[in-house]
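S.K.: One structure is given below, represented as structure tokens, and several questions about it will come after.
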Amino acid sequence: MNHDSILLGLIGEDISLSRTPAMHEAEGLAQGAATVYRRIDTLTDRARGRSLQELLDAARSTGFNGLNITHPYKQAVLPLLDEVSEQAAQLGAVNTVVIGEDGRTSGHNTDVTGFARGLEEGLPDATMTTVVQVGAGGVGNAVAYSLVTHGVEQLQVADLDPARAQALADAINSAIGREAVHGIDARGVEEAIAAADGVVNATPMGMLAHPGTAFDTSCLTPHHWVGDVVYMPIETQLLKDARALGCRTLDGTRMAIHQAVDAFRLFTGLEPDVERMRATFLSL
């Protein structure tokens, strides 16, 4: 592709607070490319009422190099693409669409790779025999898939809707060809956490609009590692409690940064500077 200029976008609902545009624009500029990253918010007048297919077609005809896809379109976009990576196809969700010079679209999931890279970076020697993930919705499917394809032997996914947790488990087990994921009821999850090596919060609990924790943190001990996908605030109540109890922790910034790093590489073919993108993210 032509690296003199880069045109990217994010399709989703209520995306005004996303830090992804700033990371891509700053990294592109640092690499010598005039980079524009547009928010395509389907709740705004400009995009409201337009189908996902129409938005993809418009991006192609306008000369976009790529798109990030977020809630609620990560699943809906799959059948609209020319090709999808094996990983994204197995997961059934795409968050990154590369648009070739010929207009062909290819879908990828950098939520999966981003979480894995963040985990390797932040907790490189964490024990992964048994892990509990709290939350089966939203980004939970990508986190669960990432965990069991990057070292976790047995994953228990807990949700207030046990059927949703089991559906996620069944889908991932089918995709990876082994019984590694088990759905459980989030009520009483503390017993499962107490017996596990680590726990990941994949619920909105801990966000500014949802203060608190998704489970009783008194079940944690110093042998646990604790991860959180929430990054606003970076220091969630869960991570505060976990550190006070002697646990090693992984905050949500790592996944957020590395999903953007991996997407930038796919969009441009350029090698991004992780620390530079991290600095941009943390400056916002």
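Cβ from N, Cα, C; glycine included.
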S.K.: In Swiss-Prot, the residues THR70, LYS74, ASN95, ASP111, GLN259 are said to bind shikimate. Which of SER18, SER218, SER283 is said to bind at that same site?
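M.R.: Looking through SER18, SER218, SER283, the residue Swiss-Prot assigns to the shikimate site is SER18.
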S.K.: Going by Swiss-Prot, GLY137, GLY138, ASP159, ARG164, THR203, PRO204, MET205, GLY206, ALA214, VAL229 bind NAD(+); tell me which of GLY107, GLY114, GLY118, GLY252 is listed for that site too.
M.R.: GLY252
S.K.: Among ARG19, LYS74, all listed as binding-site residues, which has the most CB atoms within 10 Å of its CB?
M.R.: LYS74
S.K.: Using C-alpha atoms only, work out the spacing between THR70 (shikimate binding site) and THR20 (L-quinate binding site) and round it to an integer in Å.
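M.R.: Pair distance, Cα basis, whole Å: 11 Å.
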S.K.: For the C-alpha pair, I'd like the distance in angstrom between GLN259 (shikimate binding site) and THR20 (L-quinate binding site), rounded off.
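M.R.: Here the two Cα atoms lie 9 Å apart.
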S.K.: If you count CB neighbours within 10 Å, which one among the binding-site residues ASP111, ASP159 has the smallest count?
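M.R.: Fewest other Cβ atoms within 10 Å, among the binding-site residues ASP111, ASP159, is found for ASP159.
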S.K.: When the Cα of ASN95 (shikimate binding site) is compared with the Cα of each of the binding-site residues THR20, THR203, MET205, which one is closest?
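M.R.: Closest by Cα: THR20.
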S.K.: At the Cα level, what's the spacing in Å between GLY252 (NAD(+) binding site) and SER18 (shikimate binding site), rounded?
M.R.: 14
